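Following: one structure in C-alpha cells, then a few remarks.
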Amino acid sequence: MHDNIFLPDAFLAQVQETMPSHLSMDEFVAACKRPLRRSIRVNTLKNSVEEFKKRAEEKQWQLDPVPWCDTGFWITRQESDTVKLGSTAEHMAGLFYIQEASSMMPVTALLKDNDNIEMALDMASAPGSKTTQLAAGMKNKGALVANEYSSSRVKILCSNVQRCGVSNVALTHFDGRVFGGWLPETFDSILLDAPCSGEGTIRKDPDAMHNWSPESVIEIGDTQRDLIKSAFHALKPGGVMVYSTCTLNHEENQNICHHLVTEFGDAVTFEPLGDLFENAEKALTKEGFLHIYPQIFDSEGFFVAKIRKNSATIAPEVKKRLGKFPFALANQKEIKAIEDELHNTLQLSIPETNELWIRDKEVWAFPKRMSSLIGEMRYHRIGFKLAETHKKGYRWQHEAIMAIAKADNPTSSELTIEQAREWYMGRDVRPDNVGKGETIVTFNGAVIGLGKWVGNRIKNGLPRELVRDGNLF
C-alpha cells in the first residue's frame, strides 16, 4: 500500500469534477494507493502464447489474462524477490515484454479491424512497448516508423526493438510536429501515445504528481494539439489513428480530440471503442473514447481514442534539408554472395519482406515497404544490421540473429543454465559437445546470441552493451 502517495488537492478537485457520477472518489483514492499489478505481453515474434504458457507453468508463474490484449497477462512469481522479472532468461531472450496492462490498449484499438497495415507510424515510441506490440501485430510485415524525440530514450528503444526480434522498423529522432509537413498523407495507421502530465501513473510512481500543476496541464495541452494535428496530416485519407495518454484530465484527452474536429471538421470521425473488449463500456465516454480510471479495471489510468480520416487535408509546406542517403541498394552479385554465405554458415535466409542495403562495409536488411520513404527524411536506423564485411567474408551481427534465427537451427548449440549465465556475463562457454565455425547459441529452446567455436569452447559474441551481471535467472 502506497500510504505516502502525493495527491494534490487541486488534482483531486479536478477528478471530482470530471469523473462520471457512478464512480466513487473514495474508490479512486484507494485504487491510487494500491501497488500496480505486474503485467507482461508475450512477444509473438518469438513464441506463441501457448508456448509461453507452457514455459510459465514449468516455472510456476501464475498468468491471469488481460481482457483487452490476447497476448497480455498479469504475472505472479514466487521468485520475484530474488530474481527481477527483467533478469529472467525469458525476458532477456525477448520472449516477453514487461508492459503495464493499460498501455496495451492503444495498439489493440489500432489493430482492431485493421489487419493489413502497410505503413504505420508510432510518433512517440520510447521505450518501445507499443512499437514492439504493433510490430508483432503486423507480423514484422509492412513498415513501421518509430519516432522518439528524446535522445536519451532512443538507445533503450533501439535495444528493445533488437531484443524482441523486430525487423520491419525504421527509427527516427525528431519532434513529432515535423511529420505532418514532411510526410503528408503517408501512413495508413498512426499511434500517438502523447507526452502528458502522467496523472494515471500514480500507482507505479508515488512521486508522479510532485511536479503537477493546473498550469502544467494547460502547457502540455498546447504540445498535444500540435502533435495530433501533425499526425492527422501524416495520415492517409481512409486511415486510422489512435490518440492515447496515461493521464486523466479532459484538457489533455477529450479536448485534444475535439480540437481536431475544430480544425478539420467532417474529415474527422471518432470510432467508438465500446466493443473493444468485454466490459469496455464501463470506461466509455459519450464520444466513444475509453477514459480509464484506475479503479475500473484495477490498472493505471489511461485514455484511448480512435480516429478515422475521411478526406484529404492541406498539409503545411516545408522545406526539407536532407543530406545524401549513405546507403546503396545491393546489386545482384552482392546479394547472391551474402545470401550464399549466410546459408552456408548458419543455414539462414533473408526474410522475404526485407532487402539488402550497403554502407561502406556494413550490410543492412531494410523493410521493403520503406523504399518509398528513402530520401524523404533522416533515419536513426532502418531494419537491422545483418553483417560487416571483412577479408574472409562476412561477420554476422547479434541483432540479425535475434531477428531471423530459430532455436531449431541445425547450427545451434544449447547451453545449460550455468553456461547461459556465463554467456550473459560476456564469458566464453564450454558445452559438452564440440562443433566448428559459427553457431547460434540457445538456452531453454530460445535464441540468445551468436558464437564461434574455437577448439572446445564457444567464443562469446554478445555485444558489450548487453553484458549483464548480478542475479540472473
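A Cβ is built for glycine as well, from the same backbone N, Cα and C atoms used for every other residue.
Features reported for this protein in Swiss-Prot:
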{"type": "ACT_SITE", "residues": "CYS246", "note": "active site, nucleophile"}
{"type": "BINDING", "residues": "ALA124, SER125, ALA126, PRO127, GLY128, SER129, LYS130, GLU148, ASP175, ASP193", "note": "S-adenosyl-L-methionine binding site"}
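In this structure, the recorded positions ALA124, ALA126, LYS130, ASP175, CYS246 were compared by how many other Cβ atoms lie within 10 Å of their Cβ, and the smallest count belongs to ASP175. The number of other CB atoms found within 10 A of the CB of GLY128 (S-adenosyl-L-methionine binding site), across every protein chain shown, is 27.
Of all residue pairs in the S-adenosyl-L-methionine-binding list (ALA124, SER125, ALA126, PRO127, GLY128, SER129, LYS130, GLU148, ASP175, ASP193), the one with the greatest Cα separation is 20 Å apart.
Separating the Cα atoms of LYS130 (S-adenosyl-L-methionine binding site) and CYS246 (active site, nucleophile) is a whole-number distance of 13 Å. Of the recorded residues, GLY128 (S-adenosyl-L-methionine binding site) and the residue listed as 'active site, nucleophile' place their C-alpha atoms 15 Å from one another. A Cα-Cα distance of 14 Å separates ALA126 (S-adenosyl-L-methionine binding site) from CYS246 (active site, nucleophile). DSSP classifies LYS130 (S-adenosyl-L-methionine binding site) as helix under the three-state reduction.
If you take the Cα of ALA124 (S-adenosyl-L-methionine binding site) and the Cα of CYS246 (active site, nucleophile), they are about 13 angstrom apart, rounded to a whole number.
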